[in-house]
Amino acid sequence: MRYKTRRRYLYRRQRQGGEPDPYGEEVCHRNVNVLSRQLQEFENFLISEGDELNTVRSYLYDLKQLEQFLQQRKKSLTDGSTEDLRDFIHGLFDLRLSPASINRKISSIKTFYRFLVFQKRIGFDPASDLELLKTGRKLPAFMSIEEVTAIIEAADDKSPAGLRDRACLELLYGAGLRISELLGLKIKDIDRENDLLSIIGKGNKQRIVPIGKKALRAIDEYLAKGRGEILKKRSSPFLILNMRGQRLSRMGFLKILRKYRIKSGVKKRVTPHMFRHSFATHLLEAGADLRVVQELLGHSDISTTQIYTHIDREYLKEIYREHHPRA
């Protein structure tokens, strides 16, 4: 159930004197930063393990939802039984969540209870028998070269903000970066002498990726004519800045991307990660070795990279069906 629809549903229940929502989604949205002691300790553990901030937030959101559910049963997180956890998960189906979303919540729960056992807060792991749902692996959405080019070329404004935006788009596609990696880039991460970027990816893993000529040109122009104008007398170690001279936020970049997607005339929904998917797909279409693409993307397991070979095969079949006279 979408958030606004669910808010109306909760309001009607309250007006009608109904019971509080057992999944506490309203509470989770409002109080996601108000954490119990166990969740605070779990948050510190995840951060110390190098998990990304968005991953940590997702875990905490899922667990706040579980906590609210258990409170309706007069229990805390440490009191939850396997039966309680199964009931919580079964209730998620009524919310019409996708299998992937439910699996994320199951993973959050299993990770949390393993943590509690490790910390000796509980003697038995009630989540140990929970199993992930079987899902077909979804092929990542990507753009054609023409669509990527149209969006990047739409960023043709030579103002400081326009130069920054062009550098962002060129880097996303030219280096296959995750949005968190792009926004976390620092000036010191650019090796201009060797045309390389030092990237800190998932799990604080470092990788080195080359920078293409077009991305380099966009970075150079932004550094020469844009970034200093944005900073004025301020200072920041980060490459990509908002107009207040601070690190650009994810939401800030999403607004920028939407602006150029509309300006370019590209009709499909475009996300920052689609540039990364397109980067990998276009490399493989051009004959790049799978192991090389794995290194560029920073995948620890090649099976994660192999999904792009399926995209390539689907693309070839689509072209065949469209253009072969006897297809």
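The backbone N, Cα and C atoms fix where each Cβ goes, glycine too.
Under the heading domain 'Core-binding (CB)', TrEMBL lists 33-117. Per TrEMBL, domain 'Tyr recombinase' is recorded for 138-321. Taken from TrEMBL, the feature active site covers Arg178, Lys202, His273, Arg276, His299. The active site, O-(3'-phospho-DNA)-tyrosine intermediate annotation in TrEMBL covers Tyr308.
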So which one is it: of the active-site residues Arg178, His273, Arg276, which has the fewest other Cβ atoms within 10 Å?
His273
Counting each residue once, how many in the domain 'Core-binding (CB)' (33-117) are helix, strand and coil under DSSP?
66 helix, 0 strand, 19 coil
Neighbour count (Cβ, 10 Å) for His299 (active site):
18
By CA-CA distance, flag whichever of Arg178, His299, Tyr308 among the active-site residues is nearest to Arg276 (active site).
Arg178
Candidates Arg178, Lys202, His299, Tyr308 (active-site residues) - the one closest to His273 (active site) by CA:
Arg178
Between Tyr308 (active site, O-(3'-phospho-DNA)-tyrosine intermediate) and Arg178 (active site): CA-CA distance (Å):
16
Around Lys202 (active site), how many other CB atoms lie within 10 A of its CB?
15
So what's the average pLDDT for the domain 'Tyr recombinase' (138-321)?
88
Using the alpha carbons only, what distance in Å do you get between Lys202 (active site) and His299 (active site) once rounded?
9
Take the Cβ of Tyr308 (active site, O-(3'-phospho-DNA)-tyrosine intermediate) and count every other Cβ within 10 Å, whichever protein chain it belongs to.
25
Where His299 (active site) and Tyr308 (active site, O-(3'-phospho-DNA)-tyrosine intermediate) are concerned, what is their Cα separation in Å, rounded?
12
Assigned element (helix, strand, coil) containing His299 (active site), judged by DSSP:
coil
